[in-house]
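What follows is a single structure, written as structure tokens, with notes after it.
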Amino acid sequence: MPERIDTDICVIGAGSGGLSVAAGAVQMGAPTVLIEGGRMGGDCLNYGCVPSKSLLAAAHHAAVWRRSGDFGVRYAAPEVRFDRVNDHVRSVIDAIAPHDSQERFEGLGVQVIRDWARFVSPREVEAGGALVRARRFVIATGSRPVAPPIPGLEEAGYLTNETIFDNRVLPGHLIVIGGGPIGMELAQAHAELGARVTLLEAARVLGRDDPELAAIAADAVRESGVDIREGVKIARVEAGPAVVLEYADSEERIEGSHLLVAAGRRANLERLDLHKAGIEHGARGLIVDRGLKTTNRRVYAVGDAAGGLQFTHVAGHHAGLVIRNALFRLPVKDDPAIIPWTTYTDPELAWVGLQQEAARSRHGDIDVLRWPLADNDRARAERRTEGLAKAVVHKGRVIGAGIVGPGAGDLIGIWALAVKKRMKVADLAGFVAPYPTMGEVTKRLAGSYYTPKLFSDRTRRIVRLLARFG
Ligand SMILES: Cc1cc2nc3c(=O)[nH]c(=O)nc-3n(C[C@H](O)[C@H](O)[C@H](O)COP(=O)(O)OP(=O)(O)OC[C@H]3O[C@@H](n4cnc5c(N)ncnc54)[C@H](O)[C@@H]3O)c2cc1C
Ligand SMILES: NC(=O)c1ccc[n+]([C@@H]2O[C@H](COP(=O)([O-])OP(=O)(O)OC[C@H]3O[C@@H](n4cnc5c(N)ncnc54)[C@H](O)[C@@H]3O)[C@@H](O)[C@H]2O)c1
């Protein structure tokens, strides 16, 4: 007979979303069970954000010498010890791991079960020899990489984000399939560390981003040494690995030492026996309502498994909504339109809210503001003028904004607040920004909305009129 556990909240998956739900619920007094089949911390800690950002940090250090000559400072090309780079990546994971550990969660009072969970009925889950009955379940099982159906790919073998961070030797020639955030970040990191890198994208790289901003980021990644090929069709992969591209008039072969597949992801749902709990899913993930409830009203979904945007901060945001609803019965509404995202290439690429074309088809009458970093004195001093900031405005309110430039991920925060609070452009034009900072771009971009009115003939007439009355 399995051990029977009765609890208030049962969370399946101890990644970004599941850990946030479990920590919040137990600290607010709800008996909580957390079930994890793989590593505590999930994708972000072990195979995602943390190793990729640590690798990029090392890579950006290795690339400093390329720009330093412009400042009158000369470095020789760096000696990259890739095994030491890997040690650095591991040590960052190790430093964060205690925060996500079984010990910490047990210390908070969470009952942690280390096994793969599956539903056996609409109100029961089995894992680790226990039958868990809960008032509410939260599915936070995340996603995994999927390989496209390219002939020969499976036989040739390939790396994914789950294996590439184990490399202790710098690839000689890394071929990357897929130019989304994973492909672009890891391509630039490896190129800056000295690998030859070829990136093959079926459509356009960074295709979910504003095309004008994405093109600037893509150019910078090219400058780092990545050979980006867009609109390619990969006919087959041969052991080696060699990738054979199919063009109308030739079959070009590209031979690499390593192959990374970063061509999209699929929600982890197969092990859950969802049909036994009446939970439905589509191609992208679980079917949820705006309160993140699945087709079984006792079961919520958060994070990558919920079938929407796939970011750690989304998983954390979902967790907050679920806690409010499950513990306090407060109504909640998930609104993907307020979620910012950043791709951590150098320069970074960030966006929040509606993009230009979507805004135009929804609202018709919009204004698009632009402010080049070339007009920012700090960017000039740092010799980083290649960026651009954009905002999409409807009836005087900010409905979308994006930045490509150094620190764009930090700069987008204030625009995320503006979109969330439906702030007026005037609010963003009306604060005082310290000089000289990249943050001035926010004020200038917003201010440009008023420039035509401010410096118009009408203003000049008013100023002259007022002057006459001394
Ligand atoms: C290379 C890479 C870089 C990324 N960089 C960023 C970034 O910079 N910023 C950002 O915001 N996002 C980034 N992401 C995305 C981010 O990692 C995910 O959106 C986030 O981890 C999703 O959290 P989650 O809780 O939904 O899933 P996960 O963190 O994946 O956790 C799911 C957990 O559930 C477990 N599980 C699955 N099935 C079961 C089961 N049946 N029973 C028990 N346990 C189960 C898994 O083992 C896993 O531990 C990146 C992703 C990758 C791959
Ligand atoms: N900085 C961040 O926040 C960050 C970083 C990495 C990942 N992520 C998250 O993880 C998600 C998944 O990232 P991803 O980059 O794997 O997926 P993605 O879906 O964003 O991009 C995959 C790319 O692969 C291309 N592709 C698909 N099949 C192909 C083929 N046969 N040949 C060539 N190209 C092909 C697609 O056209 C697409 O551009 C992201 O959307 C994001 O939500 C976030």
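Yeah, the Cβs are placed from backbone N, Cα and C, and that goes for glycine too.
What TrEMBL records for K53, T141, G142, S143, D304 is FAD binding site. DSSP assigns D304 (FAD binding site) to a helix.
Feature annotation from TrEMBL assigns NAD(+) binding site to G178, G179, G180, P181, I182, G183, M184, E185, E201, G264. On its own chain, M184 (NAD(+) binding site) has L199, V205, L206, A217, A218, V221, T343, T345 as residues at least 6 apart in sequence with a Cβ closer than 8 Å to its own Cβ.
Taken residue by residue with DSSP, C49 (disulfide bond) is part of a helix. In sequence order, D43, T312 are the residues near C49 (disulfide bond), counting only same-chain partners six or more apart with C-beta under 8 A. Summarising the annotation, TrEMBL assigns disulfide bond to C44-C49.
Annotation source TrEMBL lists domain 'FAD/NAD(P)-binding' at 8-319.
TrEMBL lists 339-444 with the feature domain 'Pyridine nucleotide-disulphide oxidoreductase dimerisation'.
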Quiz item: Looking only at Cβ atoms, how many others are within 10 Å of the one on C44 (disulfide bond)?
Solution: 26
Quiz item: Nearest to T141 (FAD binding site) by Cα, among C44, G178, G180, I182, E201 (recorded positions)?
Solution: C44
Exercise. Note the Cβ centroid of G178, G179, G180, P181, I182, G183, M184, E185, E201, G264, the recorded NAD(+) site, then list each other residue of that chain whose Cβ lies within 8 Å of it, in sequence.
Key: V176, L186, A187, L199, V205, L206, A262, A263
Quiz item: Do you know which of the binding-site residues E201, D304 has the most other C-beta atoms within 10 angstroms of its C-beta?
Solution: D304
Exercise. Just the recorded positions from C44, T141, S143, M184, D304 whose C-beta lies under 6 Å from any atom of ligand 2, please, or none if there are none.
Key: none
Practice problem: May I ask you to report the DSSP-based helix, strand or coil state of M184 (NAD(+) binding site)? | Solution: helix
Quiz item: 10 Å Cβ neighbour count around T141 (FAD binding site)?
Solution: 32
Quiz item: Rounded to a whole number, how many Å is the Cα of I182 (NAD(+) binding site) away from the Cα of D304 (FAD binding site)?
Solution: 15
